[in-house]
Amino acid sequence: MKIAIVNDMLLAIEALRRVLTSVPDYELLWVARNGAEALNKCAVVRPDLILMDVFMPVMDGVEATRQIMRDCPCAILLVTSSINTHLPKVFEALGYGALDVVITPILGYYGTAEGGETLLEKIRTIHKLLGKPLSKKPKNLIPVKSCYRNQPYPPLVAIGASTGGPTAIAKILSQLPQDFRISVAIVQHIDVQFSASFVQWLSQQTRLKVELAEVGMTPQPGKIIVAGTNDHLFMRPDRTLGYTKHPLNNPYRPSVDVFFTSLAENWPGQGLGVLLTGMGRDGAVGLSVLRGAGWQTIAQDANSCIVYGMPKAAVELGAVQQSLTPEAIGIKLLSL
């Protein structure tokens, strides 16, 4: 795997270099000291993955991410010294297509890079995602029928997203009024370290209350709940939420497929499933199962996606009733 580093701090560059050189399969392709330099180098020699700092002179990581994803797209992992102090910038970059964010490793007394294993785990996950083909249509997909299906329960909007998801989600939620009386549940591919920060940022984009999904919680009208761990959020038969580690080999954590499928099995009210921009195929099968269970289904349209992977996979499965922009999805929610 060919990896590039974009960072203006020499100590950070050295820490990242030591982490990468500890794995024989990783090649350090080039180093850039700011976003403008990275853009020029990426146009000549495109890496498989860029480790992108957020704050840099000349051009910061947010603008560099935007231009790279537009002109010479490749996988980008944000690497920053602090998440909370850089919160708006981090989620702006995620909205432009950065895959994830991790804290910069720190050089220890004995030359080791503290936090290096966390970075390597992120890189391994991205490597898996880059090698995943789009899903093929499953054979004999059987609609799931819940034993509670006919009982009166409020409508639920379930949203799944990955690359570019934060901005798309914000565009949808910003249109909802304070008296919106429908439950919203969100699964966004983001590490547990940053889920609370994501909720904090999302709360600034909407008039509704946003909170992390906790074990035993039930979706409530007018509230937005967000998956909050690296385990998979799911709905139990008693209609409360829980988390599960299984399937263990799923590179998408938390998984949209796991959540959507559990809703098809256990949510008794009406529902709308929404699959937004993202790399790979997570959520495609789950959206198909939701449609088979009688839910309305929407995918983000190709032109507005940062990465038209997950929605495309869902369209190919026949899981999608409508393909819309995030703004149009927000308007659709108002009509429920």
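From the backbone N, Cα and C atoms, a Cβ is placed for every residue, glycine too.
Quick look at what TrEMBL annotates:
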ACT_SITE  Ser162  active site
ACT_SITE  His189  active site
ACT_SITE  Asp282  active site
DOMAIN    2-119  domain 'Response regulatory'
DOMAIN    152-336  domain 'CheB-type methylesterase'
MOD_RES   Asp53  4-aspartylphosphate
Do you see any of the recorded positions Asp53, His189, Asp282 whose C-alpha is within 10 Å of Ser162 (active site), and which ones?
His189, Asp282
Taken over the domain 'Response regulatory' (2-119), the model's mean pLDDT:
91
Far apart in sequence but close in space: which same-chain residues, 6 or more away, have a Cβ under 8 Å from the residue listed as '4-aspartylphosphate'?
Val6, Asn7, Asp8, Met9, Ala12, Gly61, Leu78, Val79, Thr80, Thr104
Take the domain 'Response regulatory' (2-119) and count its residues per DSSP category (helix H/G/I, strand E/B, coil), listing them in that order.
50 helix, 29 strand, 39 coil
As a test of the contact definition, list every same-chain residue at least 6 positions from His189 (active site) whose Cβ is closer than 8 Å to its Cβ.
Asp100, Ala161, Ser162, Thr163, Gly165, Tyr252, Arg253, Pro254, Gly278, Asp282
Least surrounded among the active-site residues, given as Ser162, Asp282, when other CB atoms within 10 Å are counted:
Ser162
